[in-house]
Amino acid sequence: MFFSATHCCFIRKVIWWRAAASIAWSVLLLPPTTAVFVMLSTFSFLHPIQTITDCLALLTSASSVFSFILLGGVVIMVGFLTLEYYTVIPTIACSKIALLGQLLQPRQVVNSFAHCLMGMIVGWCCAVAVGHRYETLGYPGKSSDGHPRMCLNEYHLVFLLAGAFVGFSHSLLGVIHNINYVSFHTVQQYKYLHFKGSLPLVVKCSSIEAFYAVRNFIVVYFFLGYIPKTWICKTLNLHLDSSVHPLDSIAGVVDLSLLYHLWISATFLLFTWYITLLLFRIFVTEVYSFPVQLTFTEDSHQCLPKVLTDNQPMILKFLALQDLALLSKHSPSRRREVFSLSQPGGHPHNWNTVSKECLALLTDLTQRLATYHETVATNGRAKSLSSGSERKTSSETSVTSSTEDLMSPRPAFPVKTPASVFARSIAGGPHSPLTAPFTPDLDSPFASPALRRLTAPMDQCSPWYGSVQSPHIMRRAPKLWSTSTESQVNGSPPPSPASVSSPKQEAAKPSFLAQFLQNRKEQVKSFMAKRVLIMYLLNKLPEASSQALFADSQAHIWALEALSYLVQASFTEDQYGVVQTTLPSILSSMLHLQEAVDRHFKLPHASSKPLRSTNSMEDFTYKTLRFALRATLKTAIYRITTTFGNHLKAVQMSAEHRKRLQQFLEFKE
């Protein structure tokens, strides 16, 4: 990603310095953390004083100094990777195959390899710190005939492999749980208080994740441990000591001392890495105050209105929106700068830029929601028709059934499994009965042959082709927030087969090659639909579509707060009335967004809150952004209506919006 000189200057002066400060604090916290680890790994209840003396001697030895240097390098590398891979907008995979694609990206493969290597280095440092039987990879032994030889110390090898395994699993879980996602907290805290409050969570998450990582490693090593053991012996010319039980056996697995040291070492590894991540989150999300306006024009690119208009890097835009939301709420002096007029000329450039950017964010989200709803609505109509034909009974297909029963506005079928919302196929067009909102579309590999035959285009010779022949029977097209067909919008009946000329039909007929390829494509899809693994990978994840739609809603939340607080303050602080010129646009945008959000929460899984896990460092903020946006939007509208009251009746807006606004004025929303 290439940024302009202004953005690079901001990254160097702000982001890099904040990241460097977080890494420096992580390195400074490394000696006390290592001392606690050594104490816990070598402590003896029978000889406590001797244990403390041995720990002090070990921490001041030459090998420990070298281990400190290696651990410091690992922490610096972890901080650098965090700076390289962090994001303020999470990447949400909507299916298992999409998540697998994220894990197999070349950039992620490099990251996993780096964490694997760093885990092995930390494992070596832990083995040296614990000492005794874990200290070296080889030790002198004797063969069966009495000749001296170097034997493999499998305990040391297990420490190295366990470190690599924990590092690799940590990298994979980071992608699955969006560990590198950096969220901005609603309540601002001092860095020390934030760190102290999060420290127990880091200890808990590190110990729990280390337990599961060691458990998985023991299982893998029990079945595949002979592979690295044989390769190391052949490469380094080492031998296996037959008098020692191998660790990839039942006797080796139940070694409680080994399991404890592996667990405490994995906890130490994850704790140091999570501390680095926590400090990076705290430092990077610290509030940065942008000047609203500057005297010298050469520094105008640093002003808040100018920064708001830039979309890259996203951390810069998020910090600017955060500062705008805070100044609109807490800083009267900076609000006056936003309401001020330019000299000379007397134009409200600051307000125009700020309001335009905030309204653009709200309009963009509204359009995304509208497009998403139209897609779902089209899919719902197609699936309702196809499933209705599949669930017909003899009484429903009878020609003598009553017209009132057919015209009743009841749903065609109950929704059985609303697991996810599937996107409409672009190639299908608005009239193509291809997809459905709650089940896989007919072009996907999930569609059954029976369903595909039922929803296939009808023969022109069929009496049911085109318009319905019987005057006593009407087709029922269920609607989902929009009309079923364009003909219903225009009020015209669907075209009859006689109105379509046969030459045009012959011209639109696909060629033999296209039809052949389409048939082969359908055969491949039908074959893949019978494979359980393929269906598992391609199935949509619950709530994923909704979470991805609101992934960047933190920016919209700040925009709503900034607009509402500025409009509220303008009632008493806006001396020139600059806000009144855009008040109709602000209210219309908020009401449009309110309507789109309310419509979205009627979809399946959109209103279900995910369970928050307290055993992971995953930030769950992005999973609940849609609820925060809905609450912020309603609060913003109430903030404006309670301030202006009946004065809003003089604002020009549509009749529908005026009716909706009246509900807020009467506190009925």
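Backbone N, Cα and C atoms are what each Cβ position is placed from, and that goes for glycine too.
TrEMBL tags one of the stretches 23-43, 548-568 as transmembrane segment, and that stretch is 23-43. The stretch that TrEMBL tags with region 'Disordered', taken from the ranges 130-154, 480-504, is 480-504. Within its own chain, the transmembrane segment (23-43) has Cβ neighbours under 8 Å at 51-52, 54-55, 58-59, 67-68, 71-72, 75-76, 78-80, 126, 129-131, 261, 264-265, 268, 271-272, 275-276, 279-280, counting only residues six or more beyond its boundaries. Highest Cβ contact count with the transmembrane segment (116-135) among the listed stretches 55-79, 155-180, 262-284 falls to 155-180 (criterion: pairs under 8 Å). Beyond the ends of the transmembrane segment (55-79), by six or more residues, the same chain brings 19, 22-23, 26-27, 30-31, 34-35, 38-39, 42, 114, 118, 121-122, 124-125, 128-129, 131, 272-273, 276-277, 280 to within a C-beta distance below 8 angstroms of the stretch.
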